[in-house]
Ligand SMILES: O=C(CO)COP(=O)(O)O
Ligand SMILES: O=C[C@H](O)COP(=O)(O)O
Ligand SMILES: [Zn+2]
Ligand SMILES: [Zn+2]
């Protein structure tokens, strides 16, 4: 089937399960994610950051994604810009065929965030493309910092932001952060805040960034085979499952894919130092990405068998 828009996926999922948004940077990652979606019969969002667009080049990525729709015609696939940082970048990918974009004005003062987001929404909607905005800044809770209210999403501001910009979904800050070091002490998310935002924005899809779980088996394997990522820590899976029943409809995962790929390749390099055929390590890395994404869809997102 042709690429779908994220709002179509969210409508069906809201309150029941979440759609995984997986960052794609190369062919092996894309194929691993698509193979998982096929086997799990799950919709999927492929998301491309500015960094991915620079790394892989947009024309290559668009061809790969077109190939994915042919390889998996039964899977609803949306293509989304992750953390768009300007109107121009959003316009570029909309014109290239993305079905969804994020404009991330969360670092801007509220009024500037509203103005930039609104401008992107006007252009995107005129092209039949949907928009994710962001309000609040992602930041982990550190042991010695009780809470930094200022960076979390204010529920009333969230309502005002959605009404004034016309965004189709909203990324909120409730305690997650990007990368592999999310919590110093016990993982903690502000579920009360999530509940309040969802109450004030009923049936409105909320997005959780920084939602990798940083699975211990990958951390251990990386550290065992020559890596050094210390005691990386992510969001526990039961917290993610809970969030999917409370209005979180899109869950962003990048770090877990990076860890799965790195752990697999490190192990092969360590155990088979004679190997130098890239297919012999990129192939298993692709398989591991598939296994990981299948696990996410089945046991965390709840999106398996929904197509
Ligand atoms: O939010 C993300 C992409 O936008 C990815 O988050 P992670 O770093 O937790 O994978
Ligand atoms: O949120 C950030 C994503 O993990 C994308 O990372 P990137 O900008 O390095 O591609
Ligand atoms: Zn942001
Ligand atoms: Zn993000």
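Cβ atoms are placed via backbone N, Cα and C, with glycine included.
The record from TrEMBL ties 210, 211, 212, 252, 253, 254, 255 to dihydroxyacetone phosphate, and of the options 166, 179, 283 it ties 179 to that site too. Between the candidates 125, 178, TrEMBL assigns the Zn(2+) 1 site shared with 83, 209 to 178. For the binding-site residues listed here (179, 210), the lowest count of other CB atoms within 10 A around the CB belongs to 179. Proximity of the binding-site residues (104, 134, 210, 211, 212, 252) to ligand 2: a Cβ under 6 Å from the molecule is found for none of them.
Within 10 Å (C-alpha to C-alpha) of residue 104 (Zn(2+) 2 binding site) lies none of the binding-site residues 178, 179, 209, 210, 211, 254. Using the Cβ center of 179, 210, 211, 212, 252, 253, 254, 255 for dihydroxyacetone phosphate, the list of other same-chain residues with Cβ within 8 Å runs, in sequence order, 23, 176, 178, 209, 234, 256. The binding-site residues near ligand 3, defined by a Cβ under 6 Å from one of its atoms, are 134, chosen from 134, 212, 255. If you draw a 10 Å sphere around the CB of residue 252 (dihydroxyacetone phosphate binding site), it holds 25 other CB atoms from the protein chains shown. Among the binding-site residues 134, 210, 212, 254, the ones whose Cα sits within 10 Å of the Cα of residue 83 (Zn(2+) 1 binding site) are 134.
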